[in-house]
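Data block below; observations after.
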Amino acid sequence: MTEITRDVVIVGAGAAGLTAANELKKAGLSVAVLEARDRVGGRLWTDTIEGAMLEIGGQWISPDQTALIETVADLGLDTFSRYREGDSVYVGPEGTAHRFTGEMFPVSPETEAVIARLTERLDAMVAEIDPDRPWAHEKAAEWDSVSWDAWLRAQTDDDEAVRNLAFATGSAMLTKPTHAISLLESLLMAASAGSYSNLVDADFILDKRVVGGLQQVPLLLAERLGEDVFLNQPVRTLEWSDEGVTAVADGMTVRARQAILALAPVLYSRISFVPALPRLQHQMHQHLSMGFVIKVHAVYETPFWREKGLSGTAFSPYELSHEAYDNSNHGEERGTLVGFVSDLNADGVFELSADERKQRILTSLSHYYGPEALDPVVYYESDWGSEEWTRGAYAASFDLGGLSRYGKHLRSAVGPIHFACSDLAGAGYQHVDGAIRMGRLVAAQIVDEVRA
Ligand code: FAD
């Protein structure tokens, strides 16, 4: 068993942990990053499957994500825009595909008026929320006690309007059933992107990608750390006291003054803390759980939808794949579609055989793009629910009432143990941008403590 000593031990080589490690190193502190997997990046994973380069995890960057944009520029990476020429497609309750342009779905004038009215109301509510402190709003407890679905249904009895409003923060973002998340969580999700309108604007929220894949961010951050990153080292035990910490992984032990837990909060309980974490953390961490979404890639010889004048952007709260986009790589002749199957729909298709699941998902894509979608040359489902060191996608959120009850304690250190992860972020919540912000924040706190 190798034993080393550092100023700070970082558990997890995702965007949060690697950002923190680089910031600490820049400030002159020594670090060791222990990573459970045989690769860095965590939920950022660019891989080649049957000859197709696919973004298995996170990929898009929106203009508000300034921490990620700065990091991408600092690492010298190039970006490109998602293909968006032509019409989008919406499948309505009757199952018919309608082409449209702009942000408003082609619904009846009555439904459109309800969506517009509630969007305005939601934007006003979101404007009152500080994404870094949603629990501080005077109505936080009230808004956290009502489900997102129940609140919307109390505003209107127009089912199509409710479904369209609900899925932007539900299936598309928190990836939990809308009865399982609170209005406050939903407002936080929107506030973290600047406004509810930003969140539903695909051209804003799914703006840019990195040429060659977003996993280059953690790969290059890890490269800067050189031999301070240790793979295949799941941390099993963390001993801690006012004197410092000892992290015991499978093949090594790191003694340090401070620790950063840079892993998804649902995994904290995989580590044996000696002594145990305080009561508050034991309770709080149990109220956070992962959402669940399958990201599906289908690669075709050509981007056939473009020839039909379609952008590839498609939505429907009635479809198995509630949203889908053109996800062709930069400079590639083949065409790639990406679709998402979320929460209850994801549970449902995982009860089917792999062949049946593929058929059902491709059939859903064909409702948007036509029968050509049924026959891809490469088909791949990201299944983060089966990943031992993640256990869901995209990220963790509180159950009903948890955010107002525990939120203010989420980022508080426990003695020498600090917490950093996209799932704890305010601005950039559940996104790579939030992971980078949390990594920077925790590193700054540690540097301040060391210098005090
Ligand atoms: P993670 O990436 O989860 O990193 C934590 C690391 O800790 C992992 O490497 C894990 O292996 C390691 N670890 C866990 N336990 C231990 C242990 N005991 N010991 C040692 N190591 C451990 N975000 C966007 O901005 N844009 C997108 O388009 C986008 N799309 C997404 C699509 C999918 C399918 C998924 C899954 C996520 C997506 N996200 C997206 C979210 C984004 O990828 C994450 O929010 C972000 O990457 C999380 O970074 P992190 O460092 O906080 O956590």
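Each residue, glycine too, has its Cβ placed from N, Cα and C.
Caution: TrEMBL annotation is automatic and unverified by curators.
For the FAD site, TrEMBL gives GLU35, ALA36; the one candidate out of VAL235, VAL245, VAL248 that the record lists there too is VAL235. Residues belonging to the domain 'Amine oxidase' (16-446) score a mean pLDDT of 97 in the model. Summary: among the binding-site residues (ALA36, VAL235), the fewest other C-beta atoms within 10 A of the C-beta are counted at ALA36. Across the fold, the C-alpha of ALA36 (FAD binding site) and the C-alpha of PHE340 (substrate binding site) stand 27 Å from each other. Among the binding-site residues GLU35, VAL235, PHE340, the residues whose Cβ lies under 6 Å from any atom of ligand 1 are, in sequence order, GLU35, VAL235.
Other residues of the chain with a Cβ within 8 Å of the Cβ centroid of GLU35, ALA36, VAL235, the FAD site, are VAL11, GLY12, ALA13, LEU34, ARG37, ASN232, GLN233, PRO234, ALA249, LEU263, TRP389. Reduced to three states, the DSSP call for GLU35 (FAD binding site) is coil. The two recorded residues, VAL235 (FAD binding site) and PHE340 (substrate binding site), have Cα atoms 32 Å apart. Distance from the CA of GLU35 (FAD binding site) to the CA of PHE340 (substrate binding site) is 28 Å.
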